[in-house]
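Residues or ranges marked as region 'Disordered' by TrEMBL: B:1-24. Per TrEMBL, domain 'CBS' is recorded for B:221-279. Feature annotation from TrEMBL assigns transmembrane segment to B:302-322, B:328-355, B:376-398, B:404-429, B:441-465.
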Number of protein chains: 2
Amino acid sequence: MSETELPEAPAPEQDELDEDDRLRPEFVDAVRDAVADGDDEAARALVEPLHPADIADLFELTPHEDRGPLAKALKDLLDADVFAEMNDYVREDLIDALTPTEVADLASELDTDDAVAIIEDMEEADQRAVLRALDPDDRAAIEEALSYPEESAGRLMQRELIAVPDHWTVGDAIEFLRGHEELTTDFWEIFVVDAGHHPVGTCQLSWILRTPGNIAIADVMKREQTLIPVDMDQEEVALRFQKYALISAAVVDSANRLVGMITVDDIVHIIQEEAGEDTLLLSGAGDGDINEPIRLTVRTRLMWLVVNLGTAMIASSVVGLFESTIAGFATLAILMPIVSGMGGNAGTQTLAVVVRAIATNQLTDSNTRWMVFRELRIAAANGLALGVLIGLGTFIVFGRTDLALVIAAAMFTNNITAGLGGVLVPVTLDRMNIDPAVSSAVFVTTLTDTMGFFSFLGLATLWGLHA
Amino acid sequence: MSETELPEAPAPEQDELDEDDRLRPEFVDAVRDAVADGDDEAARALVEPLHPADIADLFELTPHEDRGPLAKALKDLLDADVFAEMNDYVREDLIDALTPTEVADLASELDTDDAVAIIEDMEEADQRAVLRALDPDDRAAIEEALSYPEESAGRLMQRELIAVPDHWTVGDAIEFLRGHEELTTDFWEIFVVDAGHHPVGTCQLSWILRTPGNIAIADVMKREQTLIPVDMDQEEVALRFQKYALISAAVVDSANRLVGMITVDDIVHIIQEEAGEDTLLLSGAGDGDINEPIRLTVRTRLMWLVVNLGTAMIASSVVGLFESTIAGFATLAILMPIVSGMGGNAGTQTLAVVVRAIATNQLTDSNTRWMVFRELRIAAANGLALGVLIGLGTFIVFGRTDLALVIAAAMFTNNITAGLGGVLVPVTLDRMNIDPAVSSAVFVTTLTDTMGFFSFLGLATLWGLHA
């Protein structure tokens, strides 16, 4: 393919990015080398063609100690848009080195939601200094946003939006948009409001473009609209956007007045984070951000591990009950971890499915009972299959029918325990308004460990197994 | 708040939905009861005010055997939009009961991407029958979409889009949009193409609305655009939408000609699925869909469990090496699962973080070495803390310094193993182009189980521990 045939084919960033849109290691190294050599011009020339999201990635891929020099070299290429795209920890790292006035300058270039994201994590005193350095309008908007709870719609929304009165025509609206230079261009729908500034309808821009100017806007707008209460949690906002395939939505206060707008591009990373965080929470890795200061990471993970150490000791004390049985027949110690471990695996499967189903609103009070029976049937089928397999395996290796029968029965029992626990633990936690992703795994594995040891060693003791 | 003050306050669906936008169980029961009583009118009256996404949810919350009667009762309330919102398995369930002509009628009402979603999972023969029943234009569009690989951009895109030549003015574009009734209204940007139908720029509708008619469209459009190759995997498409905050994007064929458009509302559920699936894949629960036929679920989960049974037996054979040590000192059997289990927990934490970081393009070749060191430092810190804790605990319970030192050393060793394995296993699999979420956990837990048993029992044997 020649350049003349397809003038637009090679996108400007294709040299820096690999096929997965990630910055190539050679490119990252080239920038680092330029900065290390003090050749700021070369570094800037390399970075200049990048999209702000890629410049943000570049900072994330740069070790902590090299970020300051990189920022100095890039100067104004590190602009507000880049900060808006950056990982929270990396941004904090860089923001810490700026004066309040510099931060205020950045914030004033951004929509409210992005400005809030930059300012909300600062120390109280720094935050106040930045707010003082902002012009009064921006300050008021940001202070209002900060008055809403963290991770609520009020923090996510932007105040820049287009609202028109419900008595206007389509032509009025177009004239208004053309006549006011200062209006935002970052909108996809316009909101129609009544005299009390309550939203009464939403209009896609395509409808406005395709309708003659003399038609009343009230005849074009869609009256069934999905409004977002300003104090709604961002996870619910994300689910609502997803469920109703929204591009933007009006945010209303408790008196149902239009106070802001959320657009889907601010929601996609929340959808991604919220959906991905279950993986991390279930494993006790906290928010699992690789840019988090290592001290925080150790604290989060260690807390979880210590809790698990406690429960592991409880499960082990069950083994202690049967110490004399094991002393008389050490083979039991070889097989025992298989029963507990397989129960843990089966329980984790059920848990993952149930936690996801709760998070995506697929599992509700209407189908919980059905779900319990579903998991019980799966557990019975798998327990039977695994029981037969481990029974056969045990018979082949150790040549003892009694041992084979005991382990098969224990395996079946522990699978049923895992299936039941895997549903009931997260469902119960959810009903108690505890996030099931955070603490279910501890309960379920304690259950399967304990039951695994108890059923296997208990049956062996009852049967009187010995070497 | 009175109705007159806030005429728009109670959204029509508020009675049927709870505060999390889920259908209330009482509402679901009321519909079910009406259908069971043969009172179709009552059922329809209840369901009529619902959004298509909620009607789809209603079917998902209804047990398999009651879905047919519900569909009969609701008649045309179960329309194409509802099918487009429905879980794949539930939709298949209902579609199976329809004639090819009925399916074709549904498909012709939808955008290509939604029509393809309905048709792509049908049996070969049924699919052909439906395609025959479609009018030629729809058939051609759907057949072309089906020619692209599953889960590629070609399946996701819609052919309905607005493209205008690059020599037009803004006024020409508006006139064109107003003059052609048959054009889609489901668009947020228009694409500007050259004579060869190659996209040369993208125009947000807000820019068009705010620009005087005599300005050339080429002066308004944005030239840096993110194009999606038609064969790109949907996960990459989703990451690209997210990274560049896209609302819609042009899809191009291998000759860089505009062939379709993807809009963000079709992407949000992919972002959610792809981000959430790691939780399920790591646990070996497959795609974890609660509507999947139980037989498929059992097969998926059992396969994973059998693999794990194999690796558990390998790990247990390590215990077998030390049978005589255990026979001489059964307390080792009590403590042994703590060491292996805690290694498993720590390994799972690292694994979850690394798998997410790979999936979100945060971990690349540029920072892998840094990540390995990061996890090693965390593992060393946690291993030290846990070693001290379990050492102390063991000394308190069993009153033996030798046993306490052995278990502390084994705990530390296994944490380091977990940290290293937790990074290196998924990174290696990813470089081999194997999805690290699918198979990492088996390797890592086998590693931590084996190393846990080996280090603890090995050290105990070396030290000559006995009762």
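Numbers here mean position along the shown chain, with the first residue as 1.
Even glycines carry a Cβ here, placed using N, Cα and C.
Below 8 angstroms of C-beta separation, residues 284-286, 332, 336, 340, 442, 445-446, 449-450, 453-454, 457-458, 460-461 of the same chain, each at least six residues beyond the ends of the transmembrane segment (B:302-322), sit close to that stretch.
Between the transmembrane segment (B:376-398) and the stretches B:328-355, B:404-429, B:441-465, Cβ pairs under 8 Å are most numerous for B:404-429. Residues 282-284, 304, 307-308, 311-312, 314-316, 318-319, 321-322, 325-326, 329, 332, 335-336, 339-344, 346-348, 351, 402-403, 406-407, 409-410, 413-414, 417-418, 421-422, 425 of the same chain lie 6 or more positions beyond the ends of the transmembrane segment (B:441-465) yet place their CB under 8 Å from a CB of it. Within the domain 'CBS' (B:221-279), the DSSP-based counts of helix, strand and coil residues read 25 helix, 15 strand, 19 coil.
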